[in-house]
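Features as listed in Swiss-Prot:
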{"type": "ACT_SITE", "residues": "106", "note": "active site, nucleophile"}
{"type": "ACT_SITE", "residues": "126", "note": "active site"}
{"type": "CROSSLNK", "residues": "130", "note": "SUMO cross-link"}
{"type": "LIPID", "residues": "46", "note": "S-palmitoyl cysteine"}
{"type": "LIPID", "residues": "53", "note": "S-palmitoyl cysteine"}
{"type": "LIPID", "residues": "106", "note": "S-palmitoyl cysteine"}
{"type": "MOD_RES", "residues": "2", "note": "N-acetylalanine"}
{"type": "MOD_RES", "residues": "67", "note": "phosphotyrosine"}
{"type": "MOD_RES", "residues": "148", "note": "N6-acetyllysine"}
{"type": "MOD_RES", "residues": "182", "note": "N6-succinyllysine"}
């Protein structure tokens, strides 16, 4: 069976943990992860001034699709940049139309709202993004740490990054693999 593939879209201002933890956990599960820089291949300054080097540009990564999951990290500025990008809109709309998984964390789900993706789904966000996300009543809201409704998977923030990542792994390659990856991480139950 061919390896599952993930696209993580990295925008300036992304939250570091919400980017790196899902990438790491998915790679541990054997998922081929591409970290694509929204603005190109140059290192990206994240929300806490950590620089992350993308594998490629989003423009180049788009030509390598489709992906089994598209992941949107949070961070206020990062989510705003994702929300304002026509290319992100195109990728999300294609992913939705082909019934591929879309995963977004923290403020990242606000990009779904901006691009009119996943309307009707139950979602969660960082508590400070809830009002923005619920503007227009396009979604129902959950206080769950991770919420999966059909092919839309959302989570709350940096502290839920491992749960978010493991939920992606479970959705793509199964609960057994998620448990195998989780065990050596020494996470609190």
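Glycine is no exception: its Cβ is also placed from the backbone N, Cα and C atoms.
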By the count of other Cβ atoms within 10 Å, pick out the sparsest of the recorded positions 46, 53, 106.
53
CB contacts for residue 67 (phosphotyrosine) [other CB atoms within 10 A, all chains]:
26
Translate the DSSP assignment of residue 148 (N6-acetyllysine) into the three-state scheme.
strand
Using a 10 Å radius around its CB, how many other CB atoms surround residue 182 (N6-succinyllysine)?
20
Going by C-alpha positions, which of the recorded positions (46, 67, 182) is nearest residue 126 (active site)?
46
In DSSP terms, helix, strand or coil for residue 67 (phosphotyrosine)?
coil
